[in-house]
Amino acid sequence: MKFLDEAKVYIRSGDGGNGCVAFRREKFIEYGGPNGGNGGRGGDVIIETVDGLNTLIDYRYQQHFKAQKGGHGMGSDRHGAGGDDIVLKVPVGTQVFDEDRETLLHDFTRLGERFVIAKGGNGGFGNAHFKSSTNRAPRHANPGQPGEERWIWLRMKLIADAGLVGLPNAGKSTFLSVVSAAKPKIADYPFTTLHPQLGVVRSDGREFVLADIPGLIEGAHEGTGLGDRFLGHVERCRVLLHLVDATCEHAGKAYKIVRNELAAYEHDLTDKVEIVALNKIDAVTPEQLKEQKARLKRAAKQTPMLVSGVTGEGVPEVLRALTDVISEAPVSTKAKGEPTENETPPPSTGWSPLSN
């Protein structure tokens, strides 16, 4: 399945049905009175999170979504039928923005969450609604109210417990394939990973979701390489696993390049808990490993863990460190205050990517 994490769509809720002007006409009933029914309400446009989706690719092929109009009122006090709602299905972690791409309308963090993005128009009153003691034969009815229409942006941010970051070719995809059942593309050249990958990791009887993010290079925040657009997928992570290639020229400089790009992203990624690991230790000599470890320790201001995705050396220790941090770190939640009238209230406990 192709990966798409951003899409622009047009939505329109249904118009309300018109009210009806009608009078009761029966034999032997001279003054039957008004009996025009009301129009039906237009359908809503609803966005819902469903299981089994991790891309917005469906919205590349269809960008226009319109709910059904309400039925018109009829005589004999028959009201128009309400229009059918239309439901847009999105993955958990999707954010809805206004057309300006800056105004956040809703942030989906739970499975089965529903949000009414456009309400259908109300149906118009038929003339039976206007009858009174002073107006026994009203000859007017209301038209239905128009529905709402707008362009919106859907932006998906994967929800994972831990995120893999590092320079291209640092061994992130190999590490993910070793610790989970994920099968990312692996090759000996930079930018093998072109879009984020998710894997479920099991360690010491516990499970967590690990996200592999495409590699960052110097100047990524300015659009160099693949840019930093994929960093949004680690905003919700509770911990970052920073892999540094032991075979690179200078492990300390490689570490600082990625940290500078995380800081330039301006979404507090540098404030997240970080575990630093020196990868590919099987490909260097003991002397080189000692030198690279010292460089990385000075740059990261912490003792890096040593790991090899090829031989598996150090992998259990890294996973154990990740699970310990994940169990203690708080779940990232949206800071939007109380739920609006268009959304369902959140559960009392934090959401996890592995919860049902």
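Just so it is clear, glycine is given a Cβ too, placed from its N, Cα and C backbone atoms.
According to Swiss-Prot, the feature domain 'Obg' maps to 1-159, an assignment based on sequence analysis.
Positions annotated as domain 'OBG-type G' by Swiss-Prot: 160-327.
Of all the Cβ atoms in the protein chains shown, 26 others lie within 10 Å of the Cβ of Gly166 (GTP binding site). Residues annotated as GTP binding site in Swiss-Prot, with sequence analysis given as evidence: 166-173, 191-195, 212-215, 279-282, 308-310.
Look at Ser173 (Mg(2+) binding site): DSSP puts it in a helix. The Mg(2+) binding site feature in Swiss-Prot is assigned to Ser173, Thr193; the stated evidence is sequence analysis.
What Swiss-Prot lists as region 'Disordered' is 329-356.
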Among Lys172, Lys280, all listed as binding-site residues, which has the most CB atoms within 10 Å of its CB?
Lys172
Neighbourhood of Ser308 (GTP binding site), C-beta criterion under 8 angstroms, separation at least six:
Asn279, Lys280, Ile281, Asp282, Gly314, Val315
Count of other CB atoms lying within 10 Å of the CB belonging to Pro214 (GTP binding site):
25
Cβ-Cβ neighbours of Asn169 (GTP binding site) (radius 10 Å):
20
